[in-house]
Amino acid sequence: MPWESIKLNSGYNIPSIGFGTWTLGNGQGPIDQVEQALDNGYNHIDTAQSYRNEGETGIALKESGLSRSDVFVTTKYSGTNSLDIPTSIRNSVNSLGISYVDLYLVHSPRLAVPDIPTCWAQMEKVKEDGLAKSIGISNFGVQDMEILVASAKIKPAVNQILLHPYVYRQQKPILEYAAKNGIIIEAYSALIPITKLPGGPLDKPLKEIAAKFGATPEQILLAWTKAKGAVVVTTSSKKTRLQGYLAAGDITLSPEDIAAIDAAGALGEKKANIKTILKRVVVGAIACTAVFGACNFLGISMM
């Protein structure tokens, strides 16, 4: 299925769809689900220090019987337990039961302590020491990337960000900056318009396009994400859905399809912003009413 690998600026290839462990928790559940993903053809597993299931991911990798070179493994520095990067990466590879990860990410710019250049120098050392084949970032905005690139000896290979049609316009500057600097975008939570925000402007075009391809709306969203040049990180506990996500790699959307999804996404973003503003106004009004009421009770004039 044509989820082709993408060449990173580090010279290594990253599979363009990965199975994420963010929502899996720990215990036997994530072990079973990672094993299921591997059994169904996912050769890219994405975890993180803060997900607290690197150990379970490692067990699944071992029990799969696959050789180390058969699976692309990503984990992230999340600042868990206030541990530094050198300590965290060694703990991560030990938990995963492997000698290196294929990709190591700084989970957020707020973890770049005391500053981004110092943090990134530590990440470069991780690569130099052979503990990660490629290094990258997650949730970094344009300004964060500009600071990083200005001092970097090694550019980040990827920036993993929230990406779906309802946030595409606000995330577009990140995609554009990344493209200009040879940084691949990874997209997480691509299915949020369906899983968390149903009933929005995207429902109609997704259903219409899905009907045309004999596909599901979820597959169309993944095909849209792929069309934006992003690596997809997704998850499901259901085998049929995992297989469907892989099948989405066969879908090539037309420019008209993509434009329709973009337009509906922008409309949904505007509606979401209006709802947010209205919510803030209502909360503010309630707060003001409470203040006026208290002042009247205490005999304090607000005029």
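We number each residue from 1, going along the chain as drawn.
Yeah, the Cβs are placed from backbone N, Cα and C, and that goes for glycine too.
Remark: TYR51 (active site, proton donor) has THR21, TRP22, LEU24 as non-local neighbours, by Cβ distance under 8 Å and separation of at least 6 in sequence. What TrEMBL records for TYR51 is active site, proton donor.
Sequence-distant contacts (6 or more apart, same chain, Cβ under 8 Å) of HIS107 (substrate binding site) comprise ALA48, GLN49, SER50, LYS76, TYR77, SER78, GLY79, SER138, ASN139. The feature substrate binding site is assigned by TrEMBL to HIS107.
Taken from TrEMBL, the feature domain 'NADP-dependent oxidoreductase' applies to 17-191 (among others).
In the predicted structure, the domain 'NADP-dependent oxidoreductase' (203-264) carries a mean pLDDT of 98. Here TrEMBL flags 203-264 (among others) as domain 'NADP-dependent oxidoreductase'.
According to TrEMBL, the site 'Lowers pKa of active site Tyr' annotation covers LYS76. Within 10 Å of the Cβ of LYS76 (site 'Lowers pKa of active site Tyr') there are 28 other Cβ atoms, across all protein chains.
Annotated transmembrane segment per TrEMBL: 281-300, in sequence order.
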*Report the DSSP secondary-structure composition of the domain 'NADP-dependent oxidoreductase' (203-264) as helix, strand and coil residue counts.*
44 helix, 4 strand, 14 coil
